[in-house]
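> Before anything else, here's the structure in question.
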Amino acid sequence: MAYHSGYGAHGSKHRARAAPDPPPLFDDTSGGYSSQPGGYPATGADVAFSVNHLLGDPMANVAMAYGSSIASHGKDMVHKELHRFVSVSKLKYFFAVDTAYVAKKLGLLVFPYTHQNWEVQYSRDAPLPPRQDLNAPDLYIPTMAFITYVLLAGMALGIQKRFSPEVLGLCASTALVWVVMEVLALLLGLYLATVRSDLSTFHLLAYSGYKYVGMILSVLTGLLFGSDGYYVALAWTSSALMYFIVRSLRTAALGPDSMGGPVPRQRLQLYLTLGAAAFQPLIIYWLTFHLVR
C-alpha cells in the first residue's frame, strides 16, 4: 500500500509539472524587447551596453579627451587673463565685509544725513577693509543689490502679467550697461580734469552700484503702495544717494593735492562730483518706472 501511494504521489508530481500553461489572453507583440518578467524591456542592460559601446569607441575617447584638454586649457587661460587685468588681492578688499558692516552701510545709504566723519581710515598707509571702516566702499552690497533688483523686477513683471525671459534679461542688461557707462564717464571726467586721487575703477563701480539699493526700495514701495508710494520712495532714496555720493567723493575726487591748484581746475573737479550725484535720480527713475503701474 505504501508502494502504491508513493507511486501515485510521484506520478501526480510529474503530471503537475507537465501540465501546459494556460493560453495568454493577448498575443505577444513585443518582438523588439527581451524576454523579461512582465514584458518590460531590459533598459538597464541596453543602457549599459550603449555606455560600454560608447566608451569602447576610439573616436568617442579621442573626442572626450580633446574636449577635456580644451576645457582645461580654457580654464588656465581665463585664470591667466584674470590675474593679468584684475588684481585678485585688490578685488578681495572690496568683499571683506561682515554682517555688522552691511547693516550699518545700508542704514547709511538710506539715511546719511547724521553721519559726521566721511574720510576713509588708513593703517600703515593702507586703507582699512570695509568691515573695519564704514566709509570704505565695497562691492558686496552692489552685487547682492543687483541680483535682488533682477529678482524683484521679475516678480513685478509677473504681477503685471508681462513677464518673459527676454524682458527680464533686457532689464538686467540695461542696468549693467548704465553702470558701466557711468563708470566710463567718471573715468573720462577724472582724466580730463587731471585729478590725482586714490579712486580706482573698483571704487567708482562700488559708488555707482549703491544706486541698486534705492532702486529696490523704490520698486518695493511702489508694489506695496502704488505709484504715490513709488514717487515718495524715489524722492527719498534719490536725495539720500546724492548726499552720500557728494560727501563720499568730495575728498577722494578732489584730491588733497588739488586744494592749492588753480581755481578753474577746482571748480571742474567739484562740478564733476556734483554731476555724478545729480545723475543718480535719473538712472534710478529710468530703470524702475516701468516696473510700477
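Cβ coordinates are placed from backbone N, Cα and C, and glycine is handled just like the others.
Sharing the record's features from Swiss-Prot:
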- Ala2: N-acetylalanine (MOD_RES)
- Ser12: phosphoserine (MOD_RES)
- 1-33: region 'Disordered' (REGION)
- 2-138: topological domain 'Cytoplasmic' (TOPO_DOM)
- 160-174: topological domain 'Lumenal' (TOPO_DOM)
- 196-203: topological domain 'Cytoplasmic' (TOPO_DOM)
- 250-271: topological domain 'Cytoplasmic' (TOPO_DOM)
- 139-159: transmembrane segment (TRANSMEM)
- 175-195: transmembrane segment (TRANSMEM)
- 204-226: transmembrane segment (TRANSMEM)
- 230-249: transmembrane segment (TRANSMEM)
- 272-292: transmembrane segment (TRANSMEM)
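Have a look at these and tell me how they're positioned relative to everything else.
Below 8 angstroms of C-beta separation, residues 150, 153-154, 287, 291, 293 of the same chain, each at least six residues beyond the ends of the topological domain 'Lumenal' (160-174), sit close to that stretch.
If you take every residue in the topological domain 'Cytoplasmic' (196-203) and average the pLDDT, you get 83.
Sequence-distant contacts of the transmembrane segment (230-249) (same chain, at least 6 residues past either end, Cβ-Cβ under 8 Å): 108-113, 115, 118, 135, 137, 199, 207, 210-211, 213-215, 217-222, 273-274, 276-278, 280-281, 284-285, 288-289, 292.
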> Please list the DSSP helix, strand and coil residue counts for the topological domain 'Cytoplasmic' (196-203).
3 helix, 0 strand, 5 coil
> Counting only residues 6 or more past its boundaries, what in the same chain has a CB within less than 8 Å of a CB in the transmembrane segment (139-159)?
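Answer is 91, 94-95, 97, 102, 105-106, 109, 130, 167-168, 171-172, 175-176, 202, 205-206, 208-210, 212-213, 215-216, 219-220, 223, 291-292.
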> Should anything in the same chain at least six residues away from the transmembrane segment (204-226) have a Cβ under 8 Å from its Cβ atoms, list it; otherwise answer none.
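94, 106, 109-110, 137-139, 141-143, 145-146, 148-149, 152-153, 155-156, 159, 175, 179, 182-183, 186-187, 232-234, 237-238, 240-241, 244-245, 248-249, 276, 280, 283-284, 287-288, 291-292.
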